Amino acid sequence: MDFQLQAVDDNARAGVLNLAHSQVETPVFMPVGTQGCIKSLDAMDAQEILGAKLILANTYHMYLRPGEKVVEQLGGLHRFAQFQGSFLTDSGGFQAFSLSDNVKLQEDGIVFKSHIDGSKHLFTPIKVLDIQYSLNSDIMMVLDDLVGLPAPLKRLEESIKRSAKWANMSLEYHKENNRPNNNLFAIIQGGTHLKMRSLSVGLTHEGFDGYAIGGLAVGESVDEMLETIAHTAPLLPKDKPRYLMGVGTPENILDAISLGVDMFDCVMPTRNARNATLFTHSGKISIKNAPYKLDDTPIEENCACYACKRYSKAYLHHLFRAKELTYARLASLHNLHFYLELVKNARNAILEKRFLSFKKEFLEKYHSCSH
């Protein structure tokens, strides 16, 4: 993997990630395709309509169903899903903790029960890499010990030491395997405790292809999250991409870009879409509300998304009320277009050295009204 930093505006960064299956401009928002597809969308929607170059899939889910060996036998995740861009896969540790009963944390990994059939499994740092090799992920995440917040200092210290140990084991194993098309990212932990974040960075070896700031958006306040990002991002190598995992709102993303973050993922645009909340530059609207029953205008005037070019709010309102599956597709296409355009416009502003004014103007309009 090659990462080229093209411009810096204050702390905001614009760059290019050259991966085996695509060239990705940063800042980048990655739509979440947990099971190998974005919910309600297929690969053509992702690449042809949205223009997405990099999407996220989930190691835990692909391992349990259909199984990584099935995916490998069918040509890897790209061929299986017919997606011509790149895949980032997370390690599955978060899902093992959050979806399983009776999770047991061990020094060598995580023991968990499948949420599908109750079968028992062990994820180790090596095993999750082998799974991701079978999937042929462009970017692989190391297994980490994620802590919900608030958490005692002792638990945070255990987490960062274990996460760093697992990350460094993963790096050594990855070097032995000599797979240049499968890039490995480390994950920095430490909750909102700034000294713990510094310690996590110090314990994690150099030599990873990128670095993620993990363990946020798990119960802390927005101010605590931003303070943690502001402290952690400058500690990471300047010549490597920085990934903020699982965050978040349009405001969160712009704030994190201003603090030097390059990569984002979140289920918010698609989950909100399915639950009737649509993003516009003037704030969010709830398409299920009665005023939209006779509204013949698009979700947002001047929006170039597939849904806005073809359909009215009244039609979307009807589809949602009728529980039609087509609603989820159209609403998800709109919300993802909004997110992808947001980071694209942020990137252009960084290249033109006007990011702070762009951010200010966007937020002023975005907070002007919601319906």
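The backbone N, Cα and C atoms fix where each Cβ goes, and this holds for glycine too.
Here is what Swiss-Prot says about this protein:
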{"type": "ACT_SITE", "residues": "ASP90", "note": "active site, proton acceptor"}
{"type": "ACT_SITE", "residues": "ASP265", "note": "active site, nucleophile"}
{"type": "BINDING", "residues": "ASP90, SER91, GLY92, GLY93, PHE94, ASP144, GLN189, GLY215", "note": "substrate binding site"}
{"type": "BINDING", "residues": "CYS303, CYS305, CYS308, HIS334", "note": "Zn(2+) binding site"}
{"type": "REGION", "residues": "246-252", "note": "region 'RNA binding'"}
{"type": "REGION", "residues": "270-274", "note": "region 'RNA binding'"}
Q: Measuring Cα to Cα, tell me the gap between GLY93 (substrate binding site) and ASP265 (active site, nucleophile) in whole angstrom.
A: 16
Q | Fewest other Cβ within 10 angstroms of its own Cβ, chosen from the recorded positions ASP90, ASP144, ASP265 | A | ASP265
**Q.** Distance, CYS308 (Zn(2+) binding site) to GLY92 (substrate binding site) (CA atoms, angstrom)
**A.** 35
Q | Residue with minimal Cβ packing [other Cβ atoms within 10 Å] among the binding-site residues GLY92, GLY215 | A | GLY92
Q: Would you list the other residues of this chain near Zn(2+) - those whose C-beta lies within 8 angstroms of the C-beta centroid of CYS303, CYS305, CYS308, HIS334 - in sequence order?
A: PRO298, ILE299, GLU300, ALA304, TYR306, ALA307, LYS309, LEU333, HIS337, PHE338
Q. For CYS308 (Zn(2+) binding site), which of the recorded positions ASP90, GLY215, ASP265 has the nearest Cα in space?
A. ASP265
Q: Consider the recorded positions ASP265, CYS303, CYS305, HIS334 and say which one has the Cα lying nearest the Cα of PHE94 (substrate binding site).
A: ASP265
Q.
Using other CB atoms within 10 angstroms as the count, which residue among the binding-site residues CYS303, CYS305, CYS308 scores least?
A. CYS303
Q. Cα of HIS334 (Zn(2+) binding site) to Cα of SER91 (substrate binding site): how many Å, rounded?
A. 29
Q.
Could you check which of the recorded positions ASP90, ASP265, CYS305 is the closest Cα neighbour of GLN189 (substrate binding site)?
A. ASP90
Q. Going by C-alpha distance, which of the recorded positions ASP90, ASP265, CYS303, CYS305 is nearest to ASP144 (substrate binding site)?
A. ASP90
Q: On the DSSP side of things, how many residues of the region 'RNA binding' (270-274) fall into helix, strand and coil, could you say?
A: 5 helix, 0 strand, 0 coil
